[in-house]
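Scroll down for the structure; my scribbles are underneath it.
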Amino acid sequence: MNSTQDRQPARDFAPERQAIIDLPAIFHNVRCLRSMVAPAKFMAVVKADAYGHGMLPVARTALAAGADWLGTAHVSEALQLRGAGLDGPVLAWLHTPSTDFGAAIAQGIDLGCSGWELEHIVAAARELERPARIHLKIDTGLGRNGSSMADWDDLVSRAIAFQDDGLLRVVGVFSHLAVADEPHRPETDQQLECFRQAVAIAEDAGADLQLRHIANTPATLSRPDSHFDMVRVGLGIYGLSPFDDQTSAALGLRPAMTLQTRVALCKDVPAGQGVSYGLHYVADAPTTLGLIPLGYADGVPRVATGGPVRVNGTTYPVVGRIAMDQMVIDFGPRGRDGFADAEVPGSALGAAAVLFGNGDDGGPLVEQWAEAAGTINYEVVTRISQRVPRTYIDLPEGA
Ligand SMILES: *Cc1c(COP(=O)(O)O)cnc(C)c1O
């Protein structure tokens, strides 16, 4: 054995970086939210790869926890669910003229319809000789998708005519709220009133509605009068709070994603050392820097300097610019509080570095990253990139 091999450290095969997805937490969140809305049905919204958590494991977990429906934005996402053998109720609501409505109908996927889609859906249904199932969408004030109130009578009567021809069934009417995360605002009342009117118009025209739905996560939590026949919950099943002034814990929810890596380098530097592109941070005393091997290519927002990283029980802010692959924390002047081993060069090398998690033990939360980046928790988790492997904490056997 030569001396080089002698000096090789033991290899450590723990993941270099990972988003750990706590499926039991998602199970708990679905259970908790579902019990708040019963007897209304519960749709788990799993669009955008389940807000970055992984669509298929999340969908299976939500169903195991009692979710009645799955929701996606795109038909292509709903088709992925079908491809994985999930054959329960699924609704997809955001289409373009290139959407494969035929595949959706053939796979028994319910379709949201704001207006122009109707003829496309009917053409596909005619060709397949299979009626489509549609949920008509009314824009009650959000100003995005959905039929305007002015066009609603016409949309409803055209849809009912196609229903009479056996080409589709109008099974639902739905809408989306604009300000439910700010429960004091009056616009939610106005949207709910508009929604009730739209529902009444559809029912008067002969629609036999099974599902009237408008509530997202914030409305599910703050507006029981918005639950109607079903709620569509995304953020909440991931254990995150939609409210500025209420934490996940206060809502009884458990954050499901932990983003962590391992310290890639510990380095003593002199006073005056600049850090990262632009040298916007300069050490004012001799200190120890820690290199964190996650960057904007992994989905950590580049603007989020100051975001928290937890190492060995202490939380340090990111200093200097976040780069594509890496960022830097300052462990502080050698020997300063909180970094007891700082005298030993490289002592934190390989230590777990947690950017955010479930907050247990006072660890950092995704909301702190959202604040550092000037955005919301939804965006931070959803944009964690595919370069970061997802690893799953599974449900206990038999769940
Ligand atoms: C994304 C989405 C939801 C879920 O919203 P959350 O606030 O994450 O619960 C519900 N409905 C529609 C139409 C959506 O696009």
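Placed from the backbone N, Cα and C atoms, the Cβ positions cover glycine too.
Pulled from TrEMBL:
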ACT_SITE  Lys47  active site, proton acceptor
MOD_RES   Lys47  N6-(pyridoxal phosphate)lysine
BINDING   Arg144, Met324  substrate binding site
DOMAIN    256-393  domain 'Alanine racemase C-terminal'
ACT_SITE  Tyr277  active site, proton acceptor
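The distance from the Cα of Lys47 (active site, proton acceptor) to the Cα of Arg144 (substrate binding site) comes to 17 Å. Secondary structure at Lys47 (active site, proton acceptor), taken from DSSP and collapsed to helix, strand or coil, is helix. Across the structure, Tyr277 (active site, proton acceptor) and Met324 (substrate binding site) are spaced 11 Å apart at their Cα atoms. A helical conformation is recorded for Tyr277 (active site, proton acceptor) in the three-state DSSP classification. Mean pLDDT, taken over the domain 'Alanine racemase C-terminal' (256-393), works out to 92 on the 0 to 100 scale. Under DSSP, residues within the domain 'Alanine racemase C-terminal' (256-393) fall into helix, strand and coil as 27 helix, 47 strand, 64 coil. The Cβ neighbour count for Lys47 (active site, proton acceptor), using a 10 Å radius and every protein chain shown, is 19. Look at Arg144 (substrate binding site): DSSP puts it in coil.
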